[in-house]
Amino acid sequence: MKTKHKLLGFVSILTILFGILLTSRAVHATEITNYSNTASITKADGTAITAAQAIDYWEPLSVSNNITFPDEQEIKAGDTLTITLPPQLRFTTTLSFDVMHTNGELAGKATVDPFSQKATVTFTDIFERFPLDKAMSLNFNVQINHDNVVVPNTINFVYSGTAYAVFVNENTVVPISPALNKTGYQDENDPSIIHWKVLINSNQASVDNLTLRDIVGPDQYILKETLLAVRSQYIEGDPIDSFDEAASRPYAEDFSKSVTYENDVLGQAIGFTYTIPTPSNNAIYITYDTKLTKAQAVGTDMSNTVAISGNNIKYSNETAYARIEAAYGAARSRVRRNIVTTTTTETTTTSQTTSTTSTTTEATTTSGTQTTTESGTSQSSTSSGTTTGTGSTTSTLPSTTAVTKSQKRLPATGDETGVWLMALGFTLLAGVYFRHSKVKS
């Protein structure tokens, strides 16, 4: 029983030590801060922004980041790098994108977040395997953060150590057309979603037999479940002045379920029509979302057109555009030069035969073998000779010498030392434990 308890106690101690060892070797993600960033902020067309070069209230700006890391900076799988926008700038939508290495492998996953105003890259193990001359580029679009600036005005901010001063124009509100209006914008959380809004007959004129037809542009389709199509409540002397007012006004009729859809060859809705056969002086408010069918290049304008006709109005149409924001990145680095192993083989063959005639009757036979081995060099030779009184023949067999020069790689000091220390610790612990047990016995 005593022996059993001793063994159980020893196993318990080993288990605890092993757990501590595993814990100490656990990998913790690190925020990488040791890097240099050569960055620039320009207009979408590449024009530099200055105090003398005004930008519009909603104008997109292009941010380019060229980041380099010193060779001594380790970057392991799971490590992150974060770029935070100054308060005067903001992202407009959530974006996720791959940062690809020049060798075709994934270097990291990147996201831009319009809520935290941060761009974050989570690295793979690529820079562990290719640790030299590490570099990465990140490119994305931003806007002026309207919550934090007063316009029209010159705003000042610092990005990546560079000070910027730029004049921002005031927000120009385009008057609502009394007949037809349409607008679109990219979703803040999902960049593949576009929100569209339509406002028809905002001045509440009497229209007879109004027919509307809405058709989305290429590379998108309508998400039917998002459609809201209503006739707004008529309020005499109070025309609708904005999309926000249209959204807040009570409905006189919801005809969302009554539209007739037009589908593409895949059965996806790409448009719809609806007719109000009787005279009506209600404004019409429509909202819905479309889904992109494929990724779009940054700055692409997705189109969407609505048209109306009626007995007492002439045909008219309005095309709206929603700008697509995107982000992308790339990385490069190289691997340490491999330690070269050289193998050289030398072969030497010597053959010699000598015959003589003698009257001596004495016979002698001699045989010998010699082997020599040196560190780093392996040499082997064998010689054999025979002499007789009536004749003598001496022959040296072919000899092959192989010389191998190799340089071993240094051991992984941390790993090897850890293993030996663990083994030594276990050995000492076991000796002390059993010695103590023996003394007690």
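Quick reminder: no glycine exception, Cβ is built from N, Cα and C everywhere.
Per TrEMBL, compositional bias 'Low complexity' is recorded for 341-401.
Per TrEMBL, the feature domain 'SDR-like Ig' maps to 55-150.
According to TrEMBL, the domain 'Collagen binding' annotation covers 178-315. Across the domain 'Collagen binding' (178-315), DSSP classifies residues as 9 helix, 71 strand, 58 coil.
For 339-409, the entry in TrEMBL reads region 'Disordered'.
Per TrEMBL, signal peptide is recorded for 1-29.
As annotated by TrEMBL, transmembrane segment applies to 417-434.
Averaged across the domain 'Collagen binding' (178-315), pLDDT in this predicted model comes to 94. DSSP labels the residues of the domain 'SDR-like Ig' (55-150) in these numbers: 4 helix, 50 strand, 42 coil.
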